[in-house]
Amino acid sequence: MAALSISLAFSVDSLKPTQSTKFGFSSSSHRYPLLYSCKSHRSNLRFAFPPSSVSTATETGEENSKSTGNYAFLEESFRTGRFLSNDELEKLKTLEGFAYFQELESGSMWVRVMRHEEMDSTVHLLAESFGESMLLPSGYQSVLRFLIKQYLIERREVLPHAVTLVGFFRKKVDEFSDDGEEEAVMAGTVEVCLEKRGANASPPSPTPPKESPYICNMTVKEDLRRRGIGWHLLKASEELISQISPSKDVYLHCRMVDEAPFNMYKKAGYEVVKTDTVLVLLMLQRRKHLMRKKLLPLCTNPIVEMVGSDNELTSSANV
């Protein structure tokens, strides 16, 4: 059973029953239809409202063209509906074009930012894994899905300061098989807090610095574990942090009882900086390590390691 890193902004204890390679795309890919192409735009942009929110005060044609040009480059999933600074818009463009691709022994996978239409699938994936790690009965799944969806909606409002990534996997087809190409499926997800404005209001203990990037809520679909997917979710998160965040100290949590994830994080370069006291047991929580890694400067051709077990890649927070 894989542990799940979860740091939702509500207590789930009440639900218990009583007891690397960066792959940049400049055009559409028929092989990986779920990847979006990244377009280059140069503009002094200041807000990202959808068309219905743009002022209709257009006494001149020049005013109208100026307004529509300010949001047109962003896909609907990245339009926040609030005024943004130029720096925030540049980060949104980076998120929109971010893609991480890796060939695995059993197939191929890629990671990018979650789109709005993928929220329900992501909620279902998180609810399954979190319910599994908490040993919750199936009757609690609908409540858990509702709470997780509300959490994801709230987290999307802080884009581009925090982001949810999703990973897709396509199984390798035997060259001698007559079957067509396998359909890509959502295989995992992970949340990345990039800076203080994206930090969770109620982070698990030990508390990580709010100004530093933080990786959490990582999970891999149960029937796709032990393929290296979780490892590359972690590597994709680190690569995105290297591109956007000025801070290179990355934090995450790992439960003390999760020996395999702990060993994996150690291998990935994370070190324990603080550990929960026994007092957290009084709150019916597992003791956790807070771990930190200092990222190296982003290189143009990073060497990506292959790891065979996803069970070693999940971490846990307030469970």
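Cβ atoms are placed via backbone N, Cα and C, with glycine included.
Worth saying up front: this structure is predicted, and the values here are computed from it rather than measured.
According to Swiss-Prot, the features are:
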type     : residues                                                                                               : note
TRANSIT  : 1-55                                                                                                   : transit peptide
DOMAIN   : 109-297                                                                                                : domain 'N-acetyltransferase'
BINDING  : Met218, Thr219, Val220, Arg226, Arg227, Gly228, Ile229, Gly230, Trp231, Asp258, Glu259, Ala260, Tyr265 : acetyl-CoA binding site
ACT_SITE : Tyr265                                                                                                 : active site, proton donor
C-beta crowding around Met218 (acetyl-CoA binding site), within 10 angstroms: 30
Site extent for acetyl-CoA (largest Cα pair distance over Met218, Thr219, Val220, Arg226, Arg227, Gly228, Ile229, Gly230, Trp231, Asp258, Glu259, Ala260, Tyr265, Å): 19
Assigned conformation of Arg227 (acetyl-CoA binding site) - DSSP reduced to three states: coil
Within the predicted model, mean pLDDT of the domain 'N-acetyltransferase' (109-297): 91
